[in-house]
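Colleague: To start, I am sharing the structure in question, which I have written as structure tokens.
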Amino acid sequence: MNKNFDFKVNKTKCSKHGNYIAIDVDISQYSITLIVIYGPNTDRPSFFHEIQEVAEDFNTVHCIIVGDWNVALNPDLDTMNYLHVNNPRAREAVIQLMNELNLFDVWRVFHPTDVRFTWRQKSPLKQSRLDYLLASSGLLNTVLSTDISPGYRSDHSMISTSFKLCCVSLGRGYWKFNNSLLKDEIYVKLIKKVIDDTIEDYGCLPYNRENISNIHRQNIIFTISDQLFFETLLINIRGKSISYSSSIKKEKHNRERFLLGEIQHLENKYAEDSNMRDRIDTLKQELEAIREEKLKGNMIRSRVQWIDEGEKPSKFFLNLEKRNSANKLLSHVTNDENDDIYDQHAITEEVYNFYKE
């Protein structure tokens, strides 16, 4: 569960064999059963009957089931180079589960005719969409996006679905200097120029741009107090640091988006041309390097005191950096009429009126 949400877990249940974990969770005004599964490779419908029983036992308003199902729902759109329907009895059990719980394949709802795959076998070439997210009909209007992206060190692609369960806009927060910039030669040169320019801007009239560089800085007299000059210098350095960091971040983000798009394009083309595999692997290596750098930043911001070498941090582990803001979130209030208010603008107005009175 992403710790960026303010949530309350009411109940959990895990499979003895580690094939699923289910939680009854409250997120904002939504009561949701969330089940993450790893479906059996064999044609075993009993597993999906058990999943249905768990969801019915939790009996929440909404339900989300996501994971590697090892079952393709639509053989025509979700498989390639399969001679027969894979795990047909398990597929029937999944369809029954969807009908009984009123669940929808979110990706297929938003992409009714697209042919995309989440799993590939190289030789002989086989592809299928085995990973997907099922959600209750009442959650479909909260879906912002759903997509299939290249996987990370896996033969499966990554599926992502964004829900808008709570409308919260966060403030600007605090700026913290990224000391890794000190190893960036371009950044160091920029900051040295900022220092020189600030000295020239506030040096007394006897100094000019031609001779001020020849004067020892301890001997320079400024048109403003030393304290004010120092604060001005820090502001200028901060502004240049933010703009430089933003440009670098944007550049890396654009490169990552390009790599994702190029990999997706080539993987679709790979269905017909196996020679593209080397090109795809090269792009994935570059994408992995970018993600490794992002992981390191997440670990630093989460204030982790130690990291096991050779063990990759999980998403749960990395989202430690978001917990404090989630704990401070005012997700709803109750007014004088005993009505619960969840809309952020209405909450702000209610709080304002409360303290005004």
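Keep in mind that glycine also has a Cβ here, set from the backbone N, Cα and C atoms.
Remember, TrEMBL labels are computer predictions, not curated facts.
Features from TrEMBL:
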| type | residues | note |
| --- | --- | --- |
| ACT_SITE | TYR38 | active site |
| BINDING | ASP68, ASN70, ASP155, HIS156 | Mg(2+) binding site |
| DOMAIN | 33-159 | domain 'Endonuclease/exonuclease/phosphatase' |
| SITE | ASN70 | site 'Transition state stabilizer' |
| SITE | ASP131 | site 'Important for catalytic activity' |
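Locate each feature and note its surroundings.
Modeller: TYR38 (active site) carries a strand DSSP state (E or B).
Counting only residues at least six positions away in the same chain, the Cβ atoms of ILE37, TYR38, GLY39, LEU130, ASP131, HIS156 sit under 8 Å from the Cβ of ASP68 (Mg(2+) binding site).
Taken residue by residue with DSSP, ASN70 (Mg(2+) binding site) is part of neither helix nor strand, so it is coil. Close to ASN70 (Mg(2+) binding site) in the fold, though at least 6 residues off in sequence, lie TYR38, GLY39, PRO40, ASN41, ASN86, ASN87, ALA90, LEU130, each with a CB less than 8 Å from its CB.
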Colleague: How many other Cβ atoms sit within 10 Å of the Cβ of TYR38 (active site)?
Modeller: 16
Colleague: Taking the center of the Cβ atoms of ASP68, ASN70, ASP155, HIS156 at the recorded Mg(2+) site, which other residues in this chain have a Cβ no more than 8 Å from that point?
Modeller: THR118, TRP119, LEU130, ASP131, SER154
Colleague: Average the per-residue pLDDT over the domain 'Endonuclease/exonuclease/phosphatase' (33-159) and send me the rounded value.
Modeller: 90
